2 protein chains.
Amino acid sequence: MNYPNGKKSSSQSLRKKEKPDFSNRGMTLEEDIAFTNEYYRIDNIANIHKKPTPVQIVDVHYPKRSAAVIKEAYFKQASTTDFNGIYRGSYIDFEAKETKNKTSFPLSNIHQHQIDHMKDCHHHGGICFLIIKFSLRDETYLLPAEDLFHYWEAQFSGGRKSISYLDIKSKGELLPFHYQARVDYIKVLDKLYF
Amino acid sequence: MNYPNGKKSSSQSLRKKEKPDFSNRGMTLEEDIAFTNEYYRIDNIANIHKKPTPVQIVDVHYPKRSAAVIKEAYFKQASTTDFNGIYRGSYIDFEAKETKNKTSFPLSNIHQHQIDHMKDCHHHGGICFLIIKFSLRDETYLLPAEDLFHYWEAQFSGGRKSISYLDIKSKGELLPFHYQARVDYIKVLDKLYF
């Protein structure tokens, strides 16, 4: 696989020897993206990370001769999306969601603050998008933020509270599955933005 | 204050009414940066966030009618730097450190994986740097990643294990203190990179 930076994949020989193991398709979307990001990073393609889950720490114990233990903490609401990083000099920012719904993606999976964050990053020149996996179809799409914003706003003026599968299929891009890049969104970004 | 995007600060009137309260100078560097980032975000200057502290969650209780409580968790080592985001279309990535040392900044404050991460982001075209506060001097500097890399590598070939205050003063840029942008690194990025 040749990536647009002209570099040959350093794990090419490795990949040729290994046979794709499709039994691993049962991983969650988040695991697949983590796997993909690690491959992008090691192969010098992009540097994208998932942000840690924000936690409000209340009580920590420091036992002798062992690691500090957090004894009381609470989940906090994130103020951003889950993933960000850099690809070919551009700032990349996205959220990833899975749905078991076959015919539509409910907008209740997204929060206003995530839309606000993506709008803000988009305004500053970043590339923002949503990755949506229809688990029961085993299909994953990239929906550019501009399209997401359109559907998001429409719900407040009489539009539907979800995006239909067919709309996502036509406005979005199907993400190819590759052995190392299980959710190969960089391929789609190349097509759309570079 | 006019920022280079040509926008007038929307909180300008607010700021004119308030008198700078230098008693707040006792905030930690991290608090000062959080305050600055919030101002940049609200005033549409940049979108930069601190990443949450990574935590390995082991046990969570779900009490009836109240929020989930994390009962056992451990601190994990971060694989990136603490701050990243976007400014004028560019990917921004940095780490911030305070020292009580008056004459030098010990390199033991930085970890190899943070250097590796910054090198990687720098390679992809991001703007990377270190913010160093000399607490006892109440002076904060921005040191570009290229200079940091130089001192980092030098320590493995007979160089010193710290960067002298004088070197930071000459290679780095003093960060101005403003009432809303307490660690006004965007001002310095404008000078160095735009």
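Placed from the backbone N, Cα and C atoms, the Cβ positions cover glycine too.
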According to TrEMBL, B:Thr80, B:Asp82, B:Gln114 bind Mg(2+); which of B:Glu72, B:Glu95 is also listed for that site? B:Glu95
Tell me whether B:Asp82 (Mg(2+) binding site) sits in a helix, a strand or coil according to DSSP. coil
Which residues, in sequence order, are found in the same chain with Cβ within 8 Å of the centroid defined by the Cβ atoms of B:Thr80, B:Asp82, B:Glu95, B:Gln114 at the Mg(2+) site, excluding those residues themselves? B:Lys51, B:Ala78, B:Thr81, B:Phe83, B:Asp93, B:Phe94, B:His117, B:Met118
Out of these binding-site residues, B:Asp82, B:Glu95, which one has the fewest other C-beta atoms within 10 Å of its own C-beta? B:Asp82
Calculate the distance in Å between the alpha carbons (Cα) of B:Thr80 (Mg(2+) binding site) and B:Lys97 (site 'Transition state stabilizer'), and round it to a whole number. 14
Of these recorded positions, B:Thr80, B:Asp82, B:Glu95, B:Lys97, B:Gln114, which are close to chain A by the rule of a Cβ under 8 Å away? B:Thr80
In sequence order, what residues of the same chain, 6+ apart, have a Cβ less than 8 Å from the Cβ of B:Gln114 (Mg(2+) binding site)? B:Ala78, B:Thr80, B:Thr81, B:Glu95
With Cβ-Cβ distance below 8 Å and at least 6 positions apart along the chain, what are the contacts of B:Lys97 (site 'Transition state stabilizer')? List them in sequence order. B:Leu29, B:Phe105, B:Asn109, B:Ile110, B:Leu130, B:Ile131, B:Ile132, B:Lys133
